[in-house]
Amino acid sequence: MGNNVVVLGTQWGDEGKGKIVDLLTERAKYVVRYQGGHNAGHTLVINGEKTVLHLIPSGILRENVTSIIGNGVVLSPAALMKEMKGLEDRGIPVRERLLLSEACPLILDYHVALDVAREKARGAKAIGTTGRGIGPAYEDKVARRGLRVGDLFDKATFADKLKEVMEYHNFQLVNFYKAEAVDYQKVLDDVMAIADILTGMVVDVSDLLDQARKRGDFVMFEGAQGTLLDIDHGTYPYVTSSNTTAGGVATGSGLGPRYVDYVLGIIKAYSTRVGAGPFPTELFDETGEFLCKQGNEFGATTGRRRRTGWLDAVAVRRAVQINSLSGFCLTKLDVLDGLKEVKICVGYRMPDGREVTTTPLAADNWEGIEPIYETMPGWSETTFGVKERSGLPQAALNYIQRIEELTGVPVDIISTGPDRTETMILRDPFDA
């Protein structure tokens, strides 16, 4: 039996993690976000009602679940308050269910200004960030000049630290990026107005998780983005600024690494990517348009159209290696309904003619790669809303089996629609 279960994306994000976390937290006592920020977009559909969460863990809708934002998350006070208000307006007592690590770095207005200014300066080489200040906040953390939630306990010292760091960043904005300076007093006033709310939710997360482990409580760790966007293992520099992989759980929450019991990799039945960066199986034809339309592939956070393509088993195998995946949850299988044939990338043909079955790391090394496809029959029957494996078309079952063969990982959960009820749990991670 696994008490500590990690749910993370195996591709470039947008795999459908939010729904699965919400579903599995029926048995959990805690749900923990351990990396990223409000650049995430987790969509939940419960009894037909849609909820999009960016910063607050997906367990917040569960009455008996405590949601935790761990130290690996960069926290925007403004974004958190906006999200809290939206939920509280619907009668959800967020402040009774949400806890924060005092070590969370804060995202403030100058981080957003820097993010936007840098993307503009990059021009055609823009990374495609969400413009929410995520990267600059992580930079401040690593440079040891960042302000954290815990700094708000001493408001006078916080004000002094803020003044110093803003002088540094405003100098960059004005003199290098030719942008407007950010107003110090406004930033200070905005943060001070909600400081007590934030500090009132602070807890020692590492100790809490250790006590939960000793009691045998079920804990779910909710990843954001996807493995191939990891700052170290992704398609650098077209990556996010945090560790999206299973290793980020320990560093981003304070859980001891030996205590992770099961790692569930969310894998979409095809591939998508938002923003710039390598994408070997990207489709520019009518099939790509079909996947985009049928899958409603528009970002929950930015509204940007996602790039679409066939499933890339080579890239997913890299995710299997890095995360030591225990099992897959296959999502959006229903989007492939009606296609006469489906393809899986099983290798890459390099520019020099070599055939390889592993992914490069640096983005430059992906240039000129051609995907090697395996083609399988599609299916005309609908898989939407099917709740038993026996109800799936044989061609769909063959597709699932081939994914398992190519990756060496079992498909333990199959999602056939956006609602939490439209799911087959073949093996529950908490029972594995």
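Note: Cβ is positioned from N, Cα and C throughout, glycine not excepted.
Annotated IMP-binding residues in Swiss-Prot are Asp14, Glu15, Gly16, Lys17, Asn39, Ala40, Gly41, His42, Arg144, Gln225, Thr240, Arg304, and among Thr129, Thr130, Thr281, Thr287 the one listed with them is Thr130. Between the CA atoms of Gly16 (GTP binding site) and His42 (active site, proton donor) there is a gap of 7 Å, rounded to the nearest whole number. Every protein chain shown contributes to the tally, and the Cβ of Gly41 (IMP binding site) ends up with 21 other Cβ atoms within 10 Å. Cα distances from Lys19 (GTP binding site) to the recorded positions Asn39, Gly41, His42 are smallest for His42.
Each of the binding-site residues Gly13, Gly303 was scored by how many other Cβ atoms lie within 10 Å of its Cβ, and the smallest score goes to Gly303. It is 20 Å from the Cα atom of Gln225 (IMP binding site) to that of Leu333 (GTP binding site). Under the three-state DSSP scheme, Leu333 (GTP binding site) falls in the helix class. Summarising the IMP site geometry, the residues cited as binding it (Asp14, Glu15, Gly16, Lys17, Asn39, Ala40, Gly41, His42, Thr130, Arg144, Gln225, Thr240, Arg304) extend over a maximum Cα to Cα distance of 34 Å.
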